[in-house]
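S.K.: What TrEMBL shows for this protein is this:
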type     : residues  : note
TRANSMEM : A:7-30    : transmembrane segment
DOMAIN   : A:60-246  : domain 'ABC transmembrane type-1'
TRANSMEM : A:64-84   : transmembrane segment
TRANSMEM : A:96-120  : transmembrane segment
TRANSMEM : A:126-145 : transmembrane segment
TRANSMEM : A:183-208 : transmembrane segment
TRANSMEM : A:228-246 : transmembrane segment
Amino acid sequence: MRRPRLLYVPFWATYLFLYAPIAVLVFMSFNSGDSPYSFEGFSLKWYGELAGNAEIRHGLVNTLVVALGATVLATVLGTLLAVGMARHSRSKLLDAVSVLPAVLPDLVLAIGLLVFYGMIKMTLGLHSVLLAHTVFGMAFVAAVVRTRLTHADTSLEEASRDLGAGPVTTFLRITLPQLAPGIAAGALLAFTLSVDEFVIAFFTAAPTEPTLPIVIYSMVRFGVTPEINALATLLLAVSFTVVIVAQRMTRLTESLS
Amino acid sequence: MLQITGVSRRFGDVTALADVSLEIRQGEFFALLGPSGCGKTTLLRILAGFESPDSGAVTLDGEDLLGRPAHRRPVNLMFQSYALFPHMTVARNVAYGLEREKLPKAEVRSRVAEVLEKVGLSAMAGRRPQQLSGGQRQRVALARAIVKRPRLLLLDEPLSALDKKVRAEMQLELKRLQHEVGITFVVVTHDQEEAMSLADRIAVFSAGRVEQVDAPVALYERPRTPFVAGFVGANNIFSGRACSVGLASDGLGVLPGSSDLPDGTPALLAVRPERLRLDGGRDGEGVLKGEVADVSFYGGVSHVSVAVPGRAEPVLAATQGATPIRAGAQVNLSWAAGDGVLVPQ
């Protein structure tokens, strides 16, 4: 039996709504002309311009430093937080508070951190953004790992203890491998969120150390150029790759466990 | 060898164990039998080190066991779910416990190979647990527990996850292995047939208490408490008061039985279905008379349930093979005095 074709209309309409602007952006990044609105011919020249732009390169390096650093910190701390909460705490409130940074409005978190940094007289720079991104990244990692933990079989840990492994060995050899897919997913999530995070970075970065989104923002203030389109296309490619890798990885590790 | 003295454990309002004392001997196959929630698993987890009792003492070879953490006890547990490590191969699973003892690699390898041979899984050493059948997983779990050569091996419902045919096989396998390795086995089960066929001695648990500890045959033939009479095997139970020739029952007259209970003690009389004699016909000698309500044929035996006036539940009789008796027939029921067991109430 064939489904009536009419049913597919809302389906395709939704996809069109979601992806048409992105398609236009990618298409326009290959424009040979200066205008971001009218296509004059195919060219890769804006990608070349991009590579030559020192400001963008600086922003990109800053973003990668922040994202990688925050991901490592957030993954380690978030995993420990999730395990600690699951195994050693029965407080529902503490549980809810641990994921709060993930759901708080960015603006609130940004202002809060700024005030806090001022209070402890910390200078702003890249490290302040890195720490700020660790805060919300950690909450995401903890939430993802926590879900995985609730499905994990506690008898495996007991079996490990029973076979003569102390608590540390048990954690490293049994608990961690069980959680690996969750940890990997959490880490990739933290990384992608950090790469395109704007509000918190804008508040907590030193003016001399802007991250890529801040650089883009300051460029866009003078109008969208095809150079921005090219940059956005590259960012899109990175996000897509990370998402696909994340999916593959979870599928792979899940089939192993 | 294992001495459990006055162990109690409460969870909130629920008493899981109430003053339990048991002695388990070297090389014994010992079963803790009882319905779910009777505390037998709690006792097992106390022995393994995952729970601690509120009071009481446990010693193994005269040494205190409760003071030691789970990973320092010469005791291993085979989990009901098997708890095999999914990210390790069969060989790595079995080697895990030996590696924790920091044994030389060559010795670990030879002992793993030896134990896998013993459980017949040498060919599966490189597989992962999820690639094995239920019976094979069970053997891996067993191999992983015995490879450490513990003083005491605990088994939590070892056969419950297997289907009937594999279960019978594993039952024999367990007995053979226990004989071969000479480790003391303590098995927890709710399945009385499993306990009967495996164990040298059985402790029957009910609501956190030990009701009776005995060899399987003694447990079956001489239940000493009403719970054991009702729980272990099928039984026809009559209530009343003890008298010189048996039981003065409530509403069914005097029923033959043997006991040394003083006359007038409130008691139950238990008669096994296979000890009941059935005679057709209206007249003839019989302790009880009744009408056959139902006949079920099981191949080796037939169960005849007889409605006896004055008694709510039917009386169950078991006969060898097929029986000519049909539903609706009038029958006489009788048994030898020696087959009626009196249990104080």
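Keep in mind that glycine also has a Cβ here, set from the backbone N, Cα and C atoms.
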S.K.: Is it the case that the transmembrane segment (A:64-84) and the transmembrane segment (A:183-208) touch, counting contact as three or more CB pairs under 8 Å in which the residues of each pair are 6 or more positions apart?
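M.R.: Judged by the Cβ rule, the two regions touch, with the required three close pairs present.
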S.K.: The transmembrane segment (A:183-208) vs the transmembrane segment (A:96-120): three or more C-beta pairs under 8 Å (separation of 6 or more)?
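M.R.: Answer yes: the transmembrane segment (A:183-208) meets the transmembrane segment (A:96-120) with 3 or more Cβ pairs below 8 Å.
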S.K.: Six or more residues out from either end of the transmembrane segment (A:96-120), which same-chain residues have a Cβ under 8 Å from its Cβ atoms?
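M.R.: Here the qualifying positions are 81, 85, 128, 131-132, 135-136, 138-140, 142-143, 197, 199-200, 202-204.
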